[in-house]
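The transmembrane segment feature in TrEMBL is assigned to A:12-33, A:45-65, A:85-104, A:116-134, A:181-198, A:227-246, A:266-287, A:294-320.
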């Protein structure tokens, strides 16, 4: 194969892998929107908070150490032990469940039947609160995240694909990051589990009923509290997975919360209510932005086109399908 | 009646007592929150801790206490300008905006308000031309000198010949990131290397396209002009594609512990240009520990001491304090005004002897500032990250930049600014040149790129 073609295939594969990472973030949004009609502005900050908590627990950091030291004059920072990654992940999941419980009890139940914009504003407030709370609890400094997932280019893929080039070409083979492969495997499991849960379990059906109409769901005996706590907990777990994958690349720091910006075009394209939509949308955005950068961005526009092109692509889709690829068409009759 | 008497007495006391005891105000436009907090915190801690040290150990500067006025910008230009507006009335002596965007906005405002700005190693590079920029200082080095410093190191490693080499610039797609392009293009023309420009959008969390491009183009060297998360992701991506780390250079804002730690062992050997030294093996840190940290007065948790960005913040504060001292000497008063501070900055002279007295021997190159040259000589060295010791170390001598390339660019850009703003191009008096000391002449000669051995030859020949 000509090297140009191989390079294009490499861009597509990497675009798909990046798309999976976008989808992981978008999934959290979809889950909460699907169950409560709330666009959770705090989803990105939840990923940051989950990752901060994971590193804090894993490295035995004392929560609120800066605050304790400032108030008491002590010098505490660590408990003096490290925990295995799996234990830290389980404990962090418990923290996220606790967080979900607090959010529902303190914010959500007080806003039942309010306008969606009110609920949206509440999540903006939640996002800002969590930003500060996370920094206060674990510190704002950059933290290294290592849960034992391998990373770096796959030698095997490089060796195999290097032979595909036309003889005589100095081709190094295709680059695929092993961490991205893991992210894809985890995302596939996550989506399969969530789809089965949503479509084929009693709790999943109750979740969809709550999404359709809070009052009607209440009238048939569905507990809003329980469903919302469950959904926010699942969204918290998805945020943790996204936080691990993105945090492994860049370290855990405030910028993790900005990955939510990458999920928006995915949601516009895939629809706010579809789990498969979040995945397909992520893949289309990932491949689209990478191909555009490779073919047009770098050669003709000076590069750095990915951020804005993702939105252009999403808007193009919206022209033809305003509800997104997999979104539910809303028909309101008077 | 009694109440009225009391009020009158209080008012009289206040009038007689006059204003509260004066202090020297140093605003610190910090960012302890937001996407760049991880870098903003150590710098702000270093800046504040140095002034605390002076207050605790020496009773301030020239007998007057220093007061650091912290204002959170979040690295946001509008908030930075708001910080400036809200603090300038407090008697602010000098602004350290810690953001190129904020610096650009403050240049006309601060000049009009007669308050100096010190954009140390960032901001508008052509502000080094004191003939045009009366109130802006960017000593001891600027972006273009950083670009030249990196190319000088690459030249050294290639026996002075870069003909046919490919050098990629991975840069933050902002005014800051685009700063070195012109210089590198000029240097490319001069030395015959090809420059590949790869832009990364804010914040830089996703850079796969750029690094696939690097892998395809196979540049001999990569230079990074990043900040915040862009640095960590770039180094991780470079590790992932197995790019040789010793051929990967960062500007000084891409060369802190924060940038290399997330990539782990793979970051070993990564290089960064710097205008000051690294580590905590200096006497001043013992003083900071004793008078600031142990006294419970540290700005942060006291855990950043000796890191690259803490040292830079401390160095910035030290240069501000020394300029204030110089201003006190020039004007013969301890309680200086911002205008006096500007004079002090313009007459600042940092010698090795003085650095040693301050507890920082060999921490940075000697330099002096003049009316014409607000940028200093711009000498830089290369620091290298060692994963095993988890520390940076300086691996080259400090080198003078290629001012033959940089000075025309400074002149051109500052002339354009002067024309846009209807400013004179020759602000400095001619006598100033005639009054130059031998040290000034030597410093000036260094800025035009003459090597010391050539200088020695010339002096010998002159004798």
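Counting begins at 1 with the first residue displayed.
Note that Cβ sites are derived from N, Cα and C of the backbone, with glycine treated the same way.
No curator has checked TrEMBL annotations; they are predicted automatically.
With a cut-off of 8 Å between Cβ atoms, the residues of this chain six or more beyond the transmembrane segment (A:85-104) that come close are 46, 49-50, 53-54, 57-58, 126, 146-148, 225, 228-233, 235-237, 239-240, 244. Of the recorded ranges A:12-33, A:116-134, A:181-198, A:227-246, A:294-320, the transmembrane segment (A:45-65) has the largest number of C-beta contacts under 8 angstroms with A:227-246.
As a quick check, the transmembrane segment (A:227-246) and the transmembrane segment (A:294-320) miss the bar of 3 or more Cβ pairs under 8 A, pairs 6 or more apart, so the two do not touch. Listed as Cβ neighbours of the transmembrane segment (A:294-320) (distance under 8 Å, sequence separation of 6 or more from its ends, same chain) are residues 7-8, 11, 261-262, 264-266, 268-269, 281, 284-285, 288.
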